[in-house]
């Protein structure tokens, strides 16, 4: 009897002639003996080619017994459907398999190129992630970041002036004498002596004055090039600030008692009052304009605009300070902590005046803080919206008599701007008191209108304000 194992094999293979009479010796005891088997004229096993034609199953690859060959992504998963385990056998790495399986199982979510503006796409299971270039944001990198910039936030990223626009992104602009660079935010000088730059430092490749008035230090020659010295009858009167070749800003109270206006002289490029070094330029003051709201002997609206008889020549030692736009001054410059004040005023309260130009770095205070500090020493100064406080409450440093009318200059991103005018204070460097400055931003439009208008007759003029 043919063994059960052989019969089963024959049935599974469906072979014809598998059990031919002469093919297998049959043992009398019901069991086969290898030693008694003798080959007959018929075969039990067929050739590989015949078997390949007999075995019928769902085709998964290009050849028989493909599992014995190295895995191929093209053969296993592109021509036929493969399982996760089969893909893992091909990649030999779980993470690589997962990355492949995301796209293989639900399609490539990046196929439609959803990421805009140069963003790169990473496929996820039924989703995708866009990696945006630095200037863009959003799910599909569809939003230009600058669209979210507003001028009140870091000046909109602008180096100088910023303008907000409804429905569109903010735009940057530059002061006269500068032009906007291709990046849309930076400004570059277009003239030899633009306002707010210090040529002496530019040529030395430095950025800020070395000098740090009462408690101050000497401003190195050429590092305060907009400083003006006002003389009347040859005597020191006040300070001032050059804002272009023909206009100077000072304090109105400096002119309360002037009688001989023809002897009012403005000196530019001055440094040491005890010597003449050839960099000075003297110009007669042709006209003094004060606000109609200023009352002599008081402190409110303490500002004056002076027109020179002839323009000055801009040099390394004579450069105007930028008169900023009002919005820029109020929302940006007003929050710069420290600014410079300069002048030839008294070095001590009731002391001698300075021979060399002095400069002091002073912190700006909120009006409420200024009032609170003053009340602690029993004082209640009248600080209006046309003024601001700056200085130190410990009595160590301050502007003083003789500095009046001089500049409070604020530095922002490489350029200096006029933000205040030395006006008044309780003594000089008195404990618990601060210097009070005219808030120039309140008068920007007033100043610009006067400078654009035709000259009017007269030396002292009162112009309507506001």
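Going from the start of the chain as shown, residues are counted 1 onward.
Cβ coordinates are placed from backbone N, Cα and C, and glycine is handled just like the others.
If you look up Swiss-Prot, you'll see 1-20 marked as signal peptide.
Per Swiss-Prot, domain 'Gla' is recorded for 61-105.
Annotated 4-carboxyglutamate per Swiss-Prot: 66 (among others), in sequence order, evidence recorded as similarity to another entry.
Feature annotation from Swiss-Prot assigns 4-carboxyglutamate to 67 (among others); the stated evidence is similarity to another entry.
Sequence annotations record features per position, and here Swiss-Prot assigns 4-carboxyglutamate to 74 (among others).
Marked as 4-carboxyglutamate by Swiss-Prot: 76 (among others).
The disulfide bond annotation in Swiss-Prot covers 77-82 (among others) and is backed by similarity to another entry. The 10 Å shell around the Cβ of residue 82 (disulfide bond) contains 21 further Cβ atoms across the protein chains shown.
According to Swiss-Prot, the feature 4-carboxyglutamate maps to 79 (among others).
What Swiss-Prot records for 80 (among others) is 4-carboxyglutamate.
The 4-carboxyglutamate feature in Swiss-Prot is assigned to 85 (among others); the stated evidence is similarity to another entry. Listed in sequence order, there are no same-chain residues at least 6 apart in sequence whose CB falls under 8 Å from the CB of residue 85 (4-carboxyglutamate).
Annotated 4-carboxyglutamate per Swiss-Prot: 86 (among others), in sequence order, evidence recorded as similarity to another entry. Of all the Cβ atoms in the protein chains shown, 16 others lie within 10 Å of the Cβ of residue 86 (4-carboxyglutamate).
Annotation comment: Swiss-Prot describes 89 (among others) as 4-carboxyglutamate.
According to its DSSP assignment, residue 95 (4-carboxyglutamate) is helical. For 95 (among others), the entry in Swiss-Prot reads 4-carboxyglutamate, with the evidence type similarity to another entry.
The disulfide bond annotation in Swiss-Prot covers 110-121 (among others), and the record cites similarity to another entry as its basis. When other Cβ atoms within 10 Å of the Cβ of residue 121 (disulfide bond) are tallied across all protein chains shown, the result is 19.
Per Swiss-Prot, site 'Important for S-112 for O-xylosylation' is recorded for 113. Following the DSSP three-state reduction, the secondary structure of residue 113 (site 'Important for S-112 for O-xylosylation') is coil. Same-chain residues at least 6 positions away in sequence with a Cβ under 8 Å from that of residue 113 (site 'Important for S-112 for O-xylosylation') are, in sequence order, 121.
The Cβ of residue 115 (disulfide bond) lies under 8 Å from the Cβ of 121, 128, 130, 131, 132, 140, 141, each of these being in the same chain and 6 or more residues away along the sequence. Residues or ranges marked as disulfide bond in Swiss-Prot (evidence: similarity to another entry): 115-130 (among others).
The two recorded residues, residue 158 (disulfide bond) and residue 86 (4-carboxyglutamate), have Cα atoms 58 Å apart. For residue 224 (disulfide bond), the count of additional Cβ atoms within 10 Å of its Cβ stands at 28 [all protein chains shown].
For the disulfide-bonded residues listed here (130, 195, 322), the lowest count of other CB atoms within 10 A around the CB belongs to 130. Checking the recorded positions (253, 254, 322) against residue 219 (disulfide bond) with a 10 Å Cα-Cα cut-off leaves nothing.
Per Cα geometry, 404 is the residue among the active-site residues 253, 302, 404 nearest to residue 224 (disulfide bond). Cβ neighbour count for residue 254 (disulfide bond): 24 (other Cβ atoms within 10 Å of its Cβ, all protein chains included).
Sequence-distant neighbours of residue 110 (disulfide bond): residues of the same chain at least 6 apart with a C-beta under 8 Å from its C-beta are 121, 122, 123, 128.
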